[in-house]
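Residues or ranges marked as domain '4Fe-4S ferredoxin-type' by TrEMBL: B:234-265, B:282-316, B:578-607, B:619-648.
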Amino acid sequence: MSIENTEFRPKIVAFCCNWCSYAGADLAGSSRLVYPADVKIIRVPCSCRVNPMFILRAFEKGADGVIMCGCHPGDCHYSTGNYYARRRMTLLFSMLDFIGVENGRTRVEWVSAAEGVKFSQTMNEFAEKIHSLGKNVRLEDLRCRKN
Amino acid sequence: MQRIGVFVCHCGSNIAATVDVKKVVEMAKLEPGVVHAEDYQYMCSEAGQAKIDAAIKEKGLTGMVVCSCSPRMHETTFRKAAERAGLNPYMVEIANIREHCSWIHKDMEEATKKAVILMRAAVAKVNLNAPLQPGESRVTKRALVIGGGIAGIQTAIDIADAGYEVDIVEKEPSIGGRMSQIDKTFPTLDCSACILTPKMVEASAHEKITLYTYSEVEKVSGFVGDFTVDIRKKARSVDMDKCTGCGVCQEKCPSKKTPSEFNRGLSNRSAIYTPFAQAIPNVPVIDREHCIKFKTGKCGVCSKVCQAGAIDYDQKDEIITQKYGAIVVATGFDMIKLDKYDEYAYNQSPDVITSLELERIMNAAGPTKGHLERMSDHKAPKKMVFVQCVGSRCSDERGKSYCSKICCMYTAKHAMLIRDKYPDVDVTVFYIDVRTPGKNFDEFYRRAVEEYGVHYIKGQVGKVVPQENGQLLVQASDLLDNKQILMEADMVVLAAAIEPNPDVRKIATMLTASIDTNNFLTEAHAKLRPVESPTAGIFLSGVCQGPKDIPETVSQAGAAAVKAIGLLAKDKLMTNPCTAKPDELLCNGCSTCANVCPYGAISYIDKEVNDHGIREVRRIAQVNSALCQGCGACTVACPSGSMDLQGFSNRQILAEVDAICR
């Protein structure tokens, strides 16, 4: 595509669970609550479907930030999925921190189907944070980079 | 290699106004596997679906991507269209370029760029999709209704009339709910009891309805069509079969100092009690917290006076386990607590009351036998002030942001009834807005103002101060005249906001039904599926879904019943084929997956496998696809990477990640 911005536009991957956060994102949309186009959403059945591998892969492929959203603790459609997700992400994020990936590049947020405003706010904040952190260079596999 | 068709929807101007759909089509044609791409005004319309049909048949498509609205909206529509054209419905993916793109971005270039990326991710996923076949599960032909107010009663009667068994679980000793506390109903001024009690009798006498009063739902497991529910029948301490409902025990009970919940604490009840005279079932319960026998071991008066020998101090809670195909939530509402509203002096003066308390005072069976009087000195009031929106439409933390919807109408009703019965009482209503939409509602309010001479003042009450002479000093503002008002009143009535029953959060968690920030249950679609929860098999009836009056509650109760009947009428349900599946060659039988599965869907078998020519018997995981709900917890837990989720496989999600980061 010819659309090329010289200004840094981060690549942000958002994993959203089907029942709460994806619906929250839909509500943000139908309420016309603006957030940056840098955020691209991947729908997963539950936050517990998010394999830490997916997040590492995103960084490897050049993502600058990854956010995972699920139902509020206690409200998981599958009862316990978000608890597993929370533990896995805690572990993964501390490991990423250890290897030098800034803490702010990853985030977990609980967004219910009724929280369109929260979804939009979260994405605005997160995009701003990634913008201030700049390009992810630590984990990107340069062989994966196009151009 | 797949043969993929990409269909880009304009959605009128919803998408096309901010996304260059032609550009998306053009870019789609460059994607691997895409053999066909086109755009159309409304893909979901009949003509749009005909285009999909034609393309599938003519181009021999093996997969398709629809770039349109959210999959939560039209995924089913497009899957059905694909199926009709002979394509497996699970070969369809949706790129959400409306809610997640066109509606939230203003810049066309930016939005188009994002839409292209979302399209690419969906194409990358479809490239790895495999046709899936849904399984079948059976439907238990029995419904559970949680809550025995007018919503629950109406839903239960409607389901039962269609010929299905229904159980009502009500936590109070009697069914009836809030409506049984109300004196008259707007806009017709029907006596509430006269229209409710026949319904209560009908429900209890219906051969298909079982009532579990003084009971609570304890545990829910299973899924649509096949829920298993544990109901805790709390110990009534009275044998329901023996009790004749004569009421002697209540008369003779020496412990009579417990505030009556039914009369909102305005009168006292005995420790053994039925909430109200028309209670169904007409069997009292012993409130063990206040009963002298349970507190000290000495008393036993009720047991002595009961001729039927129905009193049973040793009765224990009973757990009833029952299977249901559908569950209707009808848990209703309560008034908010007014502890945080010190300015209205609700806790300081007994003459400051809530509207529901006034309802009890006005009721002939209430604490004052229907005489309008002050609770402090039992004198008839001469001047009454009504305060609207106490905690409703509230911007701070103390109250609720929503409009409670019913207060404008019931306050008009109260004002009208008071002016009618006691023409010498002066009634003033302070309001922010008067909201009376509904059939014959505004006419009703106009009558209160024009015929009954109720004073309506637009303005908020800032403070209510109890005076030494027993009067209440009301400080308020008149927004239309732009002046401050100081007014003495004998009684102040607060239209407190309504909130969902506090128990609903616990119930929603058990049902895995979603709930919003105000604790109202979320509907599957605000406009098109207002009585269904997003969780299959759970239906919503009454105020648990949002504030509503009695006519609306009854219509929603009927609608919820119809949806439940529609489910119960089916013999079999198609199950979601997006279930977990282990790779037999990678599985080492470690049991990690079974430990994280919330549904107990994973078991282990010894099976002969052929691992690259080596034949041996191994212990491997096996997924019961009827039980698996497809959350994917096991796929991540699996240390050997054997477990994968069909429809959301590792490779599919990674392909999406790659496409987005490309």
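Just so you know, glycine gets a Cβ as well, placed from its N, Cα and C.
Each residue in the domain '4Fe-4S ferredoxin-type' (B:578-607) gets a DSSP state, and the totals come to 5 helix, 9 strand, 16 coil.
The stretches the domain '4Fe-4S ferredoxin-type' (B:578-607) and the domain '4Fe-4S ferredoxin-type' (B:619-648) meet in space: the count of Cβ pairs below 8 angstroms, excluding pairs fewer than 6 apart in sequence, reaches at least three. For the domain '4Fe-4S ferredoxin-type' (B:578-607), the model's pLDDT averages out at 92. The DSSP breakdown of the domain '4Fe-4S ferredoxin-type' (B:234-265), given as helix, strand and coil counts, is 5 helix, 3 strand, 24 coil. When DSSP labels each residue, the domain '4Fe-4S ferredoxin-type' (B:282-316) comes out as 10 helix, 3 strand, 22 coil, counted as helix, strand and coil in that order.
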